[in-house]
Amino acid sequence: MLKMKFRRDLIFVPPCLYRLWISSLTRAASCVSGVLGATHVEIEHHLEMGRKLLAAGQLAEALSHYHSAVEGDSKNYLTYYKRAAVFLAMGKSKSALPDLTRAIQLKPDFLAARLQRGNILLKQGNTQEAIDDFEAVLLRSPDHEEAQEQEMKATELVELQEEAHAAYHQGDYSTTISVLERVIEISPWDPESRELRAECFIRMGDPQKAIQDLTPTTRLRNDNRAAFLKLSLLHYSLGEHHESLNHIRECLKLDQDDKECFNHYKQVKKLSKQLDAAEELLDMERYEEAIEKYESVMKTEPNVPFYTNLAKEKFCFCFVKIKLAREAIDVCSEAHQRDPRNANILRDRAEAYILNQDYEKAVEDYQEAREFDGDSQEIQKGLERAQKLLKMSLKRDYYKILGVSRNANKQEIIKAYRKLAQQWHPDNFQSETEKKEAEKKFIDIASAKEVLTDPEMRQKFDAGDDPLDPENQQGGGGGGGQGWPFHFDPFQSGGSFHFKFQHN
């Protein structure tokens, strides 16, 4: 048996136990190495995989390998540079900048990284920093063509920026926009230039182009609440309340306590809710309730013309639908004054004129509406119907004959018929001339009653066709296809007429 001898400062271990102890320490060291940093072989593996995946366009997977390579060796300038290349391929220039800067810190004479950083800084509009990088490249490589070209662009950009700001402060917005075209061409990632051009478009009354310029600035500048608020206000002014609501929510995501954004959010949310509710009521054909809801819209936002104009347009539409001709004509005319090129308003006023039996004006409105919307089948069909009704009105209009409105119900029609039939009964007249005139009127009154109390015939008449016109009948009976709704022959010999009325 082996004996272990102890001293205060030494422990004597048998050889077999010593070898086991050394093996355990080696494994532990290997585990620590795996935690604290990858081996050279592992780093090279990550770099090779990153290169292959980048070449294959698998950017997210490539980036993951380069992350591992950087973590394994934080002193390798090439690893940072290659990861920056992946960020740039992914369109993440902001993320690439710190890696390029770190690569330059590790190797100050690394010209490729300086040139790449200079290019990014130039596109971001950071002209002086870009010029510093280009000059550093040219200091070590005076004949570097790309660095020379980019330095010239950066110098040009400085001059253009000064020119644009000078024109803006002079109120020459057109010149400012023209100069900024070239500025943005050189530095497309510069939010300040786009914001300045957007402001010019706003002052020149072109909010749509302002929106186009402001939208990318929300990504180009960190925490750009001002841009989200301005975008929301612009969409709001154009009546695009859903887009306005989306942008103001983005502002509040960045800072839920932002006072300006929160106040505007409450306004947009309330108005948007009312407008959506009004549209739903229209879809359900609840027109009286829709009118009330649009009145609420006008109260909620009295200062933006779009919403008042929209409400007036919808009033026009609703009054036509509930067949209030006079009210419809009045509000449609007001809406037309506010928005003269709106084809929908002209279409609806034309329908109101038809309800009012003013067919000539209906034709005029439909013709004008067609000028603004020549592709609308609805407007074309409406025009054709108005023209038919105008042509018929020159012959006989059954509504006018009975003296009732186009939206009169059956009871009102029968009541008017009875009154006129008694008034113009031929037996009430003595002279032959009066009897003939009464006979003619009586026939028209009876024909009007027949057409307007029969749903199918009335529908045809409202569509512009006279169902009792021989030209519109096929294979009609005797008397040229004219069918009388009462039992008498007005043309029989003798002068005594006997009428039997059918009071349906």
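Glycine is treated like the rest: Cβ placed from N, Cα and C.
Coiled coil is the annotation TrEMBL gives to one range among 268-297, 328-357, 388-417, and that range is 268-297.
With a cut-off of 8 Å between Cβ atoms, the residues of this chain six or more beyond the repeat 'TPR' (77-110) that come close are 43, 47, 50-51, 54, 59-60, 62-63, 66-67, 69-70, 116-117, 120-121, 123-124, 140, 189. Same-chain residues lying 6+ beyond the ends of the repeat 'TPR' (111-144) with a Cβ under 8 Å from its Cβ atoms: 77, 81, 84, 88, 93, 96-97, 100-101, 103-104, 150-151, 153-155, 157-158, 161, 183, 186-190, 192-193.
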